[in-house]
Amino acid sequence: MVKAVAVLRGDAKVGGTVVFEQESESAPTTITWDITGNDANAKRGFHIHTFGDNTNGCTSAGPHFNPHGKTHGAPTDEARHVGDLGNLETDGQGNAKGSVKDEHVKLIGPHSVIGRTVVIHAGTDDLGKGDNEESLKTGNAGPRPACGVIGISS
């Protein structure tokens, strides 16, 4: 079992943790989040970005992690970036808690997400369904108020 965690911080009040667990390279990765400080009753883009570099805030994390050269999509789409986790849905206090199993996100193997950055966006991810070029790159999810590098944990 490999475990990793990202502690999210940023310019705004958004923060929290994202935990990753994977049994073997062929197994799905369980992703569990506990995020606070978002707008109430909102959907916010949730992605893994390429670089574990936050020297210039969350913008240094680069584009979505996309080792297979696919277009942006929903987590259930075959055509999606590895880093496309969709949207977090917040409650009436702006908090989001949840868990999902993802077949594309890996902690083990050549396309591991360890050392990359989890980003919470300020807008809703259109899941690649917007009718413009940016939708197929970013989902039009907007600015990056919080992020954290994915590190190995015990």
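Each Cβ is built from the backbone N, Cα and C atoms, and glycine gets one as well.
Non-local contacts of His49 (Cu cation binding site) by the CB criterion (under 8 A, 6+ apart in sequence, same chain) comprise Ala61, Gly62, Pro63, His64, Phe65, Gly83, Arg116, Thr117, Val118, Val119, Cys147. The Cu cation binding site annotation in Swiss-Prot covers His47, His49, His64, His121 and rests on similarity to another entry.
DSSP classifies Cys147 (disulfide bond) as strand under the three-state reduction. According to Swiss-Prot, the disulfide bond annotation covers Cys58-Cys147, on the basis of similarity to another entry.
Residues or ranges marked as Zn(2+) binding site in Swiss-Prot: His64, His72, His81, Asp84. When Cβ atoms from all protein chains are considered, those within 10 Å of His64 (Cu cation binding site) total 24, not counting its own.
Marked as substrate binding site by Swiss-Prot on the basis of similarity to another entry: Arg144. Cβ neighbours of Arg144 (substrate binding site) (same chain, under 8 Å, six or more residues apart in sequence): Gly10, Gly57, Cys58, Thr59, Ala61, Val119, Ile120, His121, Ala122.
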Shell list (Cu cation; ref centroid = CB of His47, His49, His64, His121; cutoff 8 A): Gly45, Phe46, Ile48, Ala61, Pro63, Phe65, Gly83, Asp84, Val119, Thr138, Ala141, Arg144
DSSP three-state assignment for Cys58 (disulfide bond): strand
His47 (Cu cation binding site) versus binding-site residues His72, His81, Asp84 - nearest by Cα: Asp84
